[in-house]
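K.L.:
Pasting a structure here, questions to come.
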Amino acid sequence: MTITPLMPVYPRCGFRPVRGEGSWLIAEDGARALDFASGIAVNLLGHGHPHLTQAIAEQAATLMHVSNLYGSPQGEKFAKRLTDSTFADTVFFTNSGAEAVECAIKAARAYHQNAPEESERSDRFEIITFKNAFHGRTMATISASNQEKMHHGFAPLLPGFKYVEFDDLDGAKAAITDKTAGFLVEPVQGEGGIRPASEAFMHGLRALADEHDLMLVLDEVQCGVARTGKLYAYEHYGIIPDIMASAKGIGGGFPFGACLATEKAARGMTFGTHGSTYGGNPLAMAAGNAVWDVVANDEFLEQVRSTGEKLRSAIEQFIGNYPEMFDLVRGKGLMLGLRLNDQVVARDFVSHLRDNHGLLTVAAGDNTLRILPPLNIGDAEISTFIEKLSAGSADFAKPEAA
Ligand SMILES: *Cc1c(COP(=O)(O)O)cnc(C)c1O
């Protein structure tokens, strides 16, 4: 037998973390790494944050899980906080980002197919999505992305998705038919290379959705929960969605997600139409409430914005030293992407920084290195990051022949 006990779907690297302390990870062999990946935008308070870990420990000892057949004081409390601080009127809790997107897709279809008034019902089902998007790994969410590498071996895909160029409003408009149920878009593409949508695009989608009675569904699984310096990225654009998927940072490391919707958008999600055994259990809600205690206030968000500016300008200043390696920095808040020039492969540079300089980042599409630190980093972490990036660039750039 050659298969590993862990199903070999990830090409795992040699760094094997066993402990976390703030913005640092410590490996089995004692090696330390500065974590500017945060479990891919998950650990927004870093590792071992006392408020979050205490809330989880206390809830685990009090009541870990009960069925959604019972009343949920913990879920009601967190759902109320989410609806109070966003566009949404109602929330469905899930266990992951993909499930939050699944719920959003179901809600967008049910808005048309299960409208309360017979006269409002239609069979619309098609969702217009955007190229290089990432929405998760379930059958529906891989079908929602045009990325071939995620489809291979899993045919047939789920029907009902149309792919249009990201940020192409004319393309989105042209794709609308009498079967269209809505749009599904990341305001800032994550896996696609930290690419923020333009103002005109987001405003245009909102207007098209209004004009054609379509659901504007946002996937804020990666860019949501204070990551961009706003609680949710749609706030940067001055528009509101109808439905939104959230996950990753929402539990600060505890796995859960949420599908948020307006009352109107959720009109098809009636008794018995959806469910989840674990979704929103007391332990998940304790984690969510603890994260919200820390991040859902102006001071914290302002700090993310100012830290983001500092980090961004430090990187911009630095990359001027290596114009042959680096192209540009883009993103919002502490969701930053460093685009590399063609002669440097992002994946190779990420490995080099990790293996030789103890710095964790994440590769993304469009030859971009993702910089996703915990949101509570300070000047010390920024300087250490620049030192490591600088050392890593110096010995990566050096030709072997020298
Ligand atoms: C990570 C991600 C998902 C999937 O989340 P999982 O928790 O891995 O299922 C969906 N959408 C976006 C934008 C993501 O970044």
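Please read every residue number as a count from 1 along the shown chain.
Glycine is no exception: its Cβ is also placed from the backbone N, Cα and C atoms.
Sharing the feature lines straight out of TrEMBL:
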| type | residues | note |
| --- | --- | --- |
| BINDING | Gly97, Ala98, Phe134, Asp219, Glu220, Val221, Gln222, Thr277 | pyridoxal 5'-phosphate binding site |
| BINDING | Arg137, Ser276 | N(2)-acetyl-L-ornithine binding site |
| MOD_RES | Lys248 | N6-(pyridoxal phosphate)lysine |
K.L.:
If I take the Cα of Asp219 (pyridoxal 5'-phosphate binding site) as reference, which of the recorded positions Arg137, Lys248, Ser276 has the closest Cα?
P.N.:
Lys248
K.L.:
Does DSSP give Phe134 (pyridoxal 5'-phosphate binding site) helix, strand or coil?
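P.N.:
In the DSSP reduction, Phe134 (pyridoxal 5'-phosphate binding site) maps to coil.
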K.L.:
Determine the C-alpha span of the pyridoxal 5'-phosphate site listed in the record, that is the greatest distance between any two of Gly97, Ala98, Phe134, Asp219, Glu220, Val221, Gln222, Thr277, in Å to the nearest whole number.
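P.N.:
Value for the max Cα separation, rounded to a whole number: 25 Å.
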K.L.:
Go through the binding-site residues Glu220, Val221, Thr277 and pull out the ones with a Cβ less than 6 angstroms from some atom of ligand 1.
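P.N.:
Among the binding-site residues listed, those whose Cβ sits under 6 Å from ligand 1 are Val221.
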K.L.:
Sorted by position, what residues of the same chain at least six away from Ser276 (N(2)-acetyl-L-ornithine binding site) have a C-beta under 8 A from it?
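P.N.:
Sequence-distant Cβ neighbours: Asn68, Phe92, Phe93, Thr94, Asn95, Glu99.
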K.L.:
When you measure from the Cβ of Gln222 (pyridoxal 5'-phosphate binding site), which residues in the chain that are at least 6 apart have a Cβ under 8 Å away?
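P.N.:
Gln222 (pyridoxal 5'-phosphate binding site) has long-range Cβ partners Ile40, Ala41, Gly97, Phe134, Glu186, Val188, Gly190, Glu191, Lys248, Met335.
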K.L.:
Determine the minimum-neighbour residue: among Ala98, Arg137, Glu220, listed as binding-site residues, which Cβ has the fewest other Cβ atoms within 10 angstroms?
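P.N.:
Relative to the other binding-site residues in Ala98, Arg137, Glu220, Arg137 has the fewest Cβ atoms within 10 Å.
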K.L.:
Let me spell it out: for each of the recorded positions (Asp219, Lys248), count the other Cβ atoms within 10 Å of that residue's Cβ, using every protein chain shown. Which one has the most?
P.N.:
Asp219
K.L.:
Say we define neighbours as other CB atoms within 10 Å of the CB. Which of the binding-site residues Phe134, Val221 has the fewest?
P.N.:
Phe134
K.L.:
In whole Å, how far is Arg137 (N(2)-acetyl-L-ornithine binding site) from Ala98 (pyridoxal 5'-phosphate binding site) when you measure between their Cα atoms?
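P.N.:
So the alpha carbons of Ala98 (pyridoxal 5'-phosphate binding site) and Arg137 (N(2)-acetyl-L-ornithine binding site) sit roughly 7 Å from each other.
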K.L.:
What does the structure give for the C-alpha distance between Arg137 (N(2)-acetyl-L-ornithine binding site) and Glu220 (pyridoxal 5'-phosphate binding site)? Integer Å is fine.
P.N.:
16
K.L.:
When you measure from the Cβ of Thr277 (pyridoxal 5'-phosphate binding site), which residues in the chain that are at least 6 apart have a Cβ under 8 Å away?
P.N.:
Ser67, Asn68
